[in-house]
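As given in Swiss-Prot:
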- Met46, Gly195: substrate binding site (BINDING)
- Arg122, Thr168: ATP binding site (BINDING)
Amino acid sequence: MTLNERIAELRERVRQQRPLIHHITNFVVMNDTANVTLHIGGLPVMAHDRAEVAEMVTAAGALVLNVGTLSPDWIEAMLIAGRRANELGIPIVLDPVGAGATSLRTASNRRLLEELQIAVVRGNSGEIGALAGMGGVVKGVETVVEVDDPTAAAKALAQQYRTVVAVTGRQDVVTDGKRVFLVDNGHEWLKTLTGTGCSATTVIAAFAAVEREYPFAAAAALACFGLAAELAAPAARGPASFKVAFYDAIYHLSADQIRAGARVTAVAG
């Protein structure tokens, strides 16, 4: 089976199994990430109260922790849900939104990485560079200075916390500290919408819920996400029409389209 055939098969598994994805995520993207979860084939739940997260996560296939609109109560809820997910072997996908922009964000993300076993960290170059201690400058939640070598930063962070790191950008990099996947799918229109990185994190979680080879799951998810953007682009007249076409493309993404269009390369570590 070729790599693209494996990606297509994994995408169909998500559709068939319909994993519940528990999100503790930010206010900006809740609606969008819930819809993307549905369109890729999963079931979303947005539950962040400390009183219920440990119970809610028991039914989940994966847990998304997104610190975009963080607060002390939400960080505590993330830790409660994360500890329970670790007990049950449920994968956690961390989106370290704005790491490096403020000391609170950087410290909160490091606390989550230190106290929980995270399956996948998905961030932009600046966020991953900041957490790895290798530079990168984040203004708000956007990278304004990229790290010189995103692959090296991703490997360093993956090795430090025994996790998988996915750096999204012009070329996506996924690594567990040894193996590396490069993903070349995507489109410039993605930059015109807020929350596309958070939505990519959601797709990674849906794939990780049904595939425990997390480096491959993350790379496959990013390939499908980027390919959907490519397929949507010809219908776009602006950001709003692109968003509608993009959601439709995620929903309709077929095995034939993936086999023909996914651009993922496995490289030596």
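We number each residue from 1, going along the chain as drawn.
A Cβ is built for glycine as well, from the same backbone N, Cα and C atoms used for every other residue.
Since this is a predicted model, take the numbers as computed values, not measurements.
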Review point. Taking the Cβ of Arg122 (ATP binding site) as reference, which residues of that chain separated by at least 6 in sequence fall under 8 Å from it?
Key: Val93, Leu94, Asp95, Val165, Ala166, Thr168, Gly197, Ala200, Thr201, Ile204, Ala218
Check your understanding: Which one of these binding-site residues has the most other Cβ atoms within 10 Å of its own Cβ: Met46, Thr168, Gly195?
Key -> Thr168
**Study point:** For Arg122 (ATP binding site), the three-state class that DSSP assigns
**Key:** strand
